[in-house]
Amino acid sequence: NGAICIQPCSPSFHGETSFVCEDRKWQMLSDACASLDVRSLFQVRKLFCTDFGLCQADFSCIISDILSAPAIPGNIADIVELLTKISLLLSKNVTRGKMQSYSRIANHILNSSIISNWAFVKDRNAGSVLLDSVNSFAGNLLLRNGSESIQEPFIATKGYSIHRNTSGKSFDFSMEFNSTGNITGHVLIPEEELLRLPRASKAISVAFPTLGAILETNQLDPAFVNGMVLSVSLPEELQSILLTFEKLNKLEQVGAQCVGWHSAERRWDPRACVVRAHNVSTVVCACAHRRRTYRSFSILMAPAAPRSSLLDYLTRVGLGLSICSLVLCLVIEAVVWHHVTKTEITYMRHFCLVNIAASLLVADVLFILAAIVHNSALNYQLCVAATFFLHFFYLALFFWMFALGLLILYGLLLIFFKITRSVFLAAAFCIGYGCPLVISILTVAITEPKNGYLRSEACWLNWYETKALLAFIVPALSIIVVNLIVVVVVVVKTGRSSVGDGCKSQDLSSMIRVSKNVALLTPLLGLTWGFGLATIIDSRSLAFHVVFALLNAFQGFFILLFGTLLDRK
């Protein structure tokens, strides 16, 4: 009956070199042995021969094994390959049972909770391969009584019989996108298109609410898929369809772009569609259907944060200047170290300053390396390592700023309480490096087993699934608040030191001293990172992003300027 058995790739596989099932003649597929490992081969064997008997016609015998396996990058790649083999070998006469089993397998690797794992699948085209496989398999779905509907949480398939006298046929989908709500999509075949049909036929549509996050945009201007992916399988005679997409992120005053997935070039192509209507929540697209080129469609949306060449320029120039400034700062400190650290207070101050500069220098370099790692062929372990050390050194930067703030309070308030250099060094290292190390280790230990340490779009802490980014935000904002209090204490203390002197010149001198203290503390203690809150409150404001980029990217230069160059010693 056209069933298939696969010859084992290795004699060590249960000691066999070949096997047959129920005395039938089997076709040997040598290419499968070259592409599948022993475990996958065992699964394929189960697919066709369970206990040396034929598997059920809907191959449900392998579903329990697949659904029980965690959707980690390696398993995702194996499942995509298995679905591809099934679509090639078993796509003839796809019954409802077959489509249900196929959809359950695909749903396992399209779950919104594991989408970030796709970023670390070695084959960057795995999402496109999955899309083509599902479209090919679903296109052969047999319709019972003129219609069929098969729904899983993250993949849905519908089919209808159509003919020239049909008064317009539509497909409506409402599907779960994540734990917070559903997303809808609508496919309409216009009545004038149906008049082209020479005979009765069928129309199949498949909806994917999460697949858009997997398919790369490959656009010069960064954009993201902002709706479900809708695939349509129609007769050759039908060449135009209308699709309505509900936006995932309903952003105001941001343009939408209707696109079709070019299956040969594996990219979103804006030439496939035009925008018919666009409002805050939905986009209507008129798209050209080509069975060999355009069968899947969606909408692209610009990111919420403004993308500007000015921001890119400020980031690159600022990071370059910061790295050079920090290196120069460390060199100057090394040269003049013995001349500027003769007292305990000056020693402690410069010791904190050197560790602040060193932490920020390493963090800036790691920031660049993490971007390079993410933009190249992704290596999961390398990305995890880059994120861990980036997290650690940015936290170290803040905690050394915290240590410097405590040192300033010690110098201003605890005048008669003296601490030895060894006690200070022990306490400073515990605060500056010990606390960040504990937080970084706990973060990766808690979130990585759940595959929730990294985000999909960058080598950085996850936010949407596990909120791992809180392990950076909470300590950083807490230290910013504490150092704001330090600034207030410095202003009050320096202001009181000149109270009672009535001379205007003394008042002016006091104001200058206060201004110098504030100007020195603000960049050194990281208060400028507080502008990040403004970018969260109004993420579409270019002005907030420019100020944030300026103050942070040039922070290394500020440390050189205020901490070293403007120091009279």
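Backbone N, Cα and C atoms are what each Cβ position is placed from, and that goes for glycine too.
Bear in mind that the values here come from a model prediction, so they are computed numbers and not experimental data.
As given in TrEMBL:
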| type | residues | note |
| --- | --- | --- |
| DOMAIN | 163-307 | domain 'GAIN-B' |
| DOMAIN | 311-567 | domain 'G-protein coupled receptors family 2 profile 2' |
| TRANSMEM | 317-340 | transmembrane segment |
| TRANSMEM | 352-372 | transmembrane segment |
| TRANSMEM | 392-416 | transmembrane segment |
| TRANSMEM | 423-446 | transmembrane segment |
| TRANSMEM | 469-492 | transmembrane segment |
| TRANSMEM | 518-537 | transmembrane segment |
| TRANSMEM | 543-566 | transmembrane segment |
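Within its own chain, the transmembrane segment (392-416) is flanked in space by residues 345, 348-349, 352-353, 355-356, 359-360, 362-363, 366, 427-428, 431-433, 435-437, 439-440, 472, 475-476, 479, 482-483, 486, 489-490, 493, 521, 524-526, which lie at least six positions past its ends and keep a Cβ under 8 Å from the stretch. Within its own chain, the transmembrane segment (317-340) has Cβ neighbours under 8 Å at 346, 350, 353-354, 357-358, 360-361, 364-365, 367-368, 549-550, 552-557, 559-561, 563-564, 567, 569, counting only residues six or more beyond its boundaries. With helix defined as DSSP H, G or I and strand as E or B, the domain 'GAIN-B' (163-307) counts 10 helix, 73 strand, 62 coil. Ranked by Cβ pairs under 8 Å to the transmembrane segment (352-372), the stretches 423-446, 469-492, 543-566 are led by 543-566.
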